[in-house]
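A.B. asks: So TrEMBL says this about it:
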type	residues	note
TRANSMEM	28-45	transmembrane segment
TRANSMEM	51-69	transmembrane segment
TRANSMEM	76-95	transmembrane segment
TRANSMEM	115-132	transmembrane segment
TRANSMEM	144-167	transmembrane segment
TRANSMEM	173-195	transmembrane segment
TRANSMEM	207-228	transmembrane segment
TRANSMEM	240-257	transmembrane segment
TRANSMEM	278-295	transmembrane segment
TRANSMEM	301-322	transmembrane segment
DOMAIN	366-500	domain 'GGDEF'
DOMAIN	509-764	domain 'EAL'
Amino acid sequence: MPARTERANTGDAGGLTHRLVARIAPDLSWWVLGAFGLVIALHATGIVGPLAYPFVILGGVACGIVGLRRHRPEPAWPWWILIGIGFLWTIAGVLREATGATGDLTSSRSLLPDLFALPGYLAFGVALVGLLRTRTATADRDVILDGLVLAAGAALGVHELLVIPTLGISDGWVMAQLAVVIYPVASICLLIIAARLAFSGGERTPAFLLLLAGTAALVVGDIVFALGEVGHMSGASQNLLEVPYLLVPACIGCALLHPSSARFTTVREESPSDLSMARRWVVGVSLVAPVVVLLSEGITISRLISAAICVALAITAVARIVGLMRSQAEHQDELTRRATHDELTGLPSRQLLSHRADELINTPGRRAAMMFIDLDRFKLVNDSMGHAAGDELLVQAAERLRRVAPPPIMVGRVSGDEFLVLIPDCNTAGALSVAERIRSTLAERYVLPDGIAVFTSASIGIAVSGFDGTCDANTMIREADAAMYRSKETGRDAITVFDTSMRERIERRVEIERTLRTAIERGEIGVAYQPVVSWPDGRVLGVEALARWTKGTERVAPTEFIDVAEESGLIIPLGAFVLDEALRQVAWMRANIPSAKDMYASVNVSPRQLQSDDFADIVAETLHRHHLPGGALFLEITESVMMGDTLAAASAMTALTSLDVRLSVDDFGTGFSSLSYLKRFPVDVVKIDRSFVSGLAHDESDASLVAAIIKMANALGLATIAEGVETHEQARRLIELGCTKMQGYLFSAPVPMGELVETVQAIGGRTTSFDRRRRCAPVR
């Protein structure tokens, strides 16, 4: 036990030391830089002699090595190159001092210092390029052009003020003159790379800024020193001219010593360039370089006027460029906002929220909770009161979510009446607390523009990530969605936390969608037919076509795959397949069975199919292929289709009726039935839902409702068909109420194509004594 205690204490001490060093390290680099600055200042004033040069360079090298070993930036090789340059330039400085090469342009000048100094520039460029490539993911043409503008301006000044005067010295040694000129030229090449690095994306850490400062000091030092070599800086001391050079190793060494050097090479996908304030100044100053050159030849009134005009042109050109760039940036921001935010509510989209969630849960030590919210009975408001009312309800709900879930919580809209809520650094208990606030807030009364008060509630699902980063945002959303559906199943207005038992539902839906895509090609999708009968004479008027899916020995319930097909868009090919099969079978029946010469096929149509631009063309082509008139097809639509986008629905239905196709309203009475909708749309038949038919024998309210539907349909000149008829008593009551067209298990369950002929003949051969064998109720 004592040994364990000792180890624990040692660990605590080590942890304390590590934390202490971590806190001191950032300040240490600045203290070291201050010490370097003091030495450099003393050197500039002449108090410290020639030893300052190797002291600062080797001190910067030492700081760089310590920083590299402690912070371990990746990649390390560019930094090691920069450290190696320090040794080269130390040797070059010592040799320059020993040979007295500075200021000597005659043939007696030694080029040995230059042989050590100049390779350092090439190595410096390689190191900058290495850091640049790890810091940016893509090349930005505008940034490169800005760097070239800066370099061109500097090159013009160097050429006019340094290169021409240097090469123009008549008694100078050409090699010495070239040695003087090549340093600022090499610096300008480094300037282009440094500008690209400065204008690139990524985090601007202290280490990043110190490296740029060191590079800028090198450029300034080369220009100033070269001017001194040719006598333009005769008033400055040698020590003062060396100050920029001494700043180079000091800045680079402290850059590595700073802890932020470990974050230097943060890769980032760059967005389109924006003209930052720094880049505006750089471009503007570079454009003024010709003015400096003009005035360097002497100041006269004429040249001052020309210089003023050049400055004015540069300022107006830059102002115009900045204006254009700002306009482009604003336009780009608006496009980005539209792509990442919901236009109606202004909330972030699912994609943006997913991106933020992935960033959060992939950060070590952090977790998140995801909430999937669905407004209960929103469809009732949207379909019965119109889209404007539904949109207003969504806007008010979004505003309540913002209010009850402020930052750092993030609220987004998925689609329709579905919302997402991302809660950073939250466990299950915290998520439940937020969810309860949301649930109670959304349940309060909503007042729409017309003063109409409506109420809704919310079904909420919650999924919580772990600390290990193994979960991603899409998985969390699926899990929260599954939990939300469990809330729906338990009565709505509820909160459910995802657990592993719900994963089976998710996996099942994913598997259904995956296999449904090829189920038609594999011949797994079939069509079952349920006869529509005229009673009591027993004539089969038509058949309703119902999709059936058999995977090997497993029969997939329609309630499972129809919803998935609708959500995924697979309902389009699935519906086209059922339509084709149904018309093919009816065409054969009409041609081969005398009693079926007027038989029609009744096919269900989903909202997504009806909204498809080419749906009427598909129907027309299918009828033509099977040589059938439009009257051989009934298309069944739900009430909600008519109460959604009424203009689009009316247009699609008109196109279908122009083919003589007849339209029936399926499951009438279960939605938001309205006489005005039946009058507005070109429907021919009303199908009475099975839920009302089942209670006819013992529930007078159901009988009254069925009677009202039949009377309303008769008044509008519409036919009625009763669904789900299973007993003679139900059939008798329907006849008494005036409905003689029926379908249900009293006559036949849905049967496969191979049994349809036998079934139709059996029904047609019977009258009121027909008593089809009862079968278990189907799942539809």
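Positions of Cβ are set from backbone N, Cα and C atoms, glycine also.
How about a rundown of where these features are and what they're close to?
C.D. replies: With a threshold of 8 Å between CB atoms, the same-chain residues lying at least 6 positions outside the transmembrane segment (51-69) that come near it are 29, 32, 36, 39-40, 42-43, 76, 79-80, 82-83, 86-87, 89-90, 93-94, 97, 242, 245-246, 248-258, 261.
Within the chain carrying the transmembrane segment (115-132), a Cβ under 8 angstroms from the stretch's Cβ atoms is held by residues 75, 77-79, 81-82, 84-85, 88-89, 91-92, 95, 182-183, 186-187, 189-190, 193-194, 196-197, 200, 211, 215, 218, 264-265, all 6 or more beyond its ends.
Within its own chain, the transmembrane segment (207-228) is flanked in space by residues 33, 102-103, 124, 128, 131, 154, 158, 161-162, 166, 180-181, 183-184, 186-188, 190-191, 194, 197-198, 234, 236, 238, 241-245, 247-252, 254-256, 258, 260-261, 263-264, which lie at least six positions past its ends and keep a Cβ under 8 Å from the stretch.
Averaged over the domain 'EAL' (509-764), the predicted model has a pLDDT of 88.
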A.B. asks: What residues elsewhere in the chain lie close to the transmembrane segment (76-95), defined as a C-beta under 8 angstroms and at least 6 residues from its ends?
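C.D. replies: For the transmembrane segment (76-95), the list is 53-54, 57-58, 60-61, 64-65, 68, 101, 110, 112-114, 116-117, 119-120, 123-124, 126-128, 130-131, 245, 249, 252-253, 256, 261.
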A.B. asks: Taking helix as H, G and I and strand as E and B in DSSP, count the residues of the domain 'GGDEF' (366-500) in helix, strand and coil.
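C.D. replies: Going by DSSP assignments, the domain 'GGDEF' (366-500) contains 59 helix, 37 strand, 39 coil.
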